[in-house]
Every structure is written in C-alpha cells, then in structure tokens.
Ligand SMILES: *[C@@H]1O[C@H](CO)[C@@H](O)[C@H](O)[C@H]1NC(C)=O
Ligand SMILES: *[C@@H]1O[C@H](CO)[C@@H](O)[C@H](O)[C@H]1NC(C)=O
Ligand SMILES: *[C@@H]1O[C@H](CO)[C@@H](O)[C@H](O)[C@H]1NC(C)=O
C-alpha cells in the first residue's frame, strides 16, 4: 500500500474511531511516518561476522518464520514487554506486565489496511480484547473472550451487556465439578435471581454480585430480588 493511501486510511480510522467514541487511549497509532522493516533482516543486521550480537543491544527482535516481527517483544535488560506490528512499528510501549498483543495488533492492522470489516476492536487496559464490541455496520454487539473468541450465543443487536456472557462461557468451557455458572438474560445482563444447583439461590445486581442471603432453590420465589 502506498504511503498516501496508508496515511489516508489511518486518518480515516482515527476519525471513525473518534466519531464512534470507541477509541482506546492505550493502544497508540505510531505518531511518526510508518516505517516498515523486515524482522529477519533487522536481526541479522545486529549480528557480527561470527553471528554474535553485542551485549549492549537493548532489543533483540523476535521474528516469526515468515520474517515478520512476533507480536510480543521484550527489552533485553529490563525484561519489559511491548507490542509491535508485523513490520516493526511499536504499538504498545514497554510494560511491566503484558500478557497479550493480539488486540493491539488487530486494531493496528485494521487502521493500516483500512479494512474495518464493520468495526475496530477495542482493547482493555491490560491489552486483551475488551469484552463488549459494537459493530456499527450491523448494529450488533459482540461479546468477546479476552483472547478474542466471539461468544456466538451472546452476539447480536439484542445484546446490551457482556460481563455475564464472558463468565458464563468461561464456566462452560472449563467445567469444574460443582462450578457455578451464572445465568444471563438473552440480552447479556445477569438474571436477578442466580442459582447454584444444590447450593441455593440469591439476588444479584447488574454486575452479577450477590446482594442477598442465599435461600434453598425450593424457596427462590421468596427472594426479594428486583
Ligand atoms: C555497543 O558497544 C560498541 C562498542 O563499545 C559500540 O560501538 C556500539 O555503538 C554500542 N551499541 C549500542 C547499541 O549502544
Ligand atoms: C524478510 O527477509 C528474509 C530474508 O531476506 C526473507 O526470506 C523473507 O521472505 C522476508 N520476509 C518478509 C515478510 O518480507
Ligand atoms: C442501526 O441503527 C441505527 C439507529 O437506530 C439505524 O438508523 C440504522 O438503520 C441501523 N442499521 C442497521 C444495519 O440495522
């Protein structure tokens, strides 16, 4: 893609992002002109004739097999991790704790290509995927797991909240014996009465927190939930 169309795409993306107020302050769009580097060549340029890398290099890039940059990189001395695009642009500055770079990279690639496929992913402050994503093209809300998997059962125009679906999905996909699975309304909100089979029922608030005493399931209709 040419520099002009790339810049246009980014400007457009920023404008759209602003207009929808789905912007995410933590994932930066590289400020200067975008550079594009080949990771394998970058790595090789740091090696001397015997293939060694000087001890004072602050960053030894980690490359994927195709010669692009791995999404998560690490500063050599401090061990701080940071996120880069496939072509080496820094997307998230070095962090003390950083578990994933998928979301920042996904965001950047949408900005870079201008192909939003309806929406731009929002990332959480820990750089994983934000739980609630909105697609203005279809008016659908999608609930996502931290790793980016769409919770299909709770995605669509009727969805207004995603906290319950994410907890529900977590419980469903790693069923421990006697694990409590929250009960969600079809719109993704927590049901007012939550029950744990064999343990009883209680009232929950909109965050799913228990706000009443627990009664046996047979007496659940006596709970003052509202
Ligand atoms: C590392 O040290 C060498 C020799 O002392 C010096 O020439 C080089 O510029 C240094 N590189 C960095 C990245 O500081
Ligand atoms: C990066 O460079 C290497 C070696 O020159 C080459 O094999 C590889 O295909 C290049 N990768 C990309 C993504 O340009
Ligand atoms: C999305 O919602 C807006 C506002 O309610 C409406 O104008 C628009 O037609 C809807 N788009 C779709 C694809 O349903």
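Glycine residues also receive a Cβ, built from the backbone N, Cα and C atoms like all the rest.
These numbers come from a predicted model, not from an experiment.
According to TrEMBL:
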SIGNAL    1-19  signal peptide
DOMAIN    36-103  domain 'Thyroglobulin type-1'
DISULFID  83-103  disulfide bond
DOMAIN    161-225  domain 'Thyroglobulin type-1'
Under 8 Å by Cβ from residue 83 (disulfide bond), counting only residues of that chain that are 6 or more apart | 71, 72, 73, 90, 91, 92, 98, 101, 104, 105, 127
Whole-number mean of pLDDT values that fall within the domain 'Thyroglobulin type-1' (36-103) | 94
Number of Cβ atoms other than its own within 10 Å, given for residue 103 (disulfide bond) = 28
Going by DSSP, is residue 83 (disulfide bond) part of a helix, a strand, or coil?
-> strand
